[in-house]
């Protein structure tokens, strides 16, 4: 697992208060991890801060799963 993937999973587990083992790449923030729309906005902001990057609104709307976040950040962070 990449460093980015590990960091994303840790951020998601901490922000949503879920067990780390539930945070899989296929897990939907809303359907599987119990997030609401405010949680997803807060997650995007946490990713931006942790990875020192900006996630445009149109891109943020496509980040629906843990794997989506990892793929976006692997391509755009740093």
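Glycine is treated like the rest: Cβ placed from N, Cα and C.
Quick look at what Swiss-Prot annotates:
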DOMAIN    2-77  domain 'Carrier'
MOD_RES   37  O-(pantetheine 4'-phosphoryl)serine
Looking only at the domain 'Carrier' (2-77), what is the mean pLDDT?
97
Looking only at the domain 'Carrier' (2-77), what are its DSSP counts of helix, strand and coil residues?
47 helix, 2 strand, 27 coil
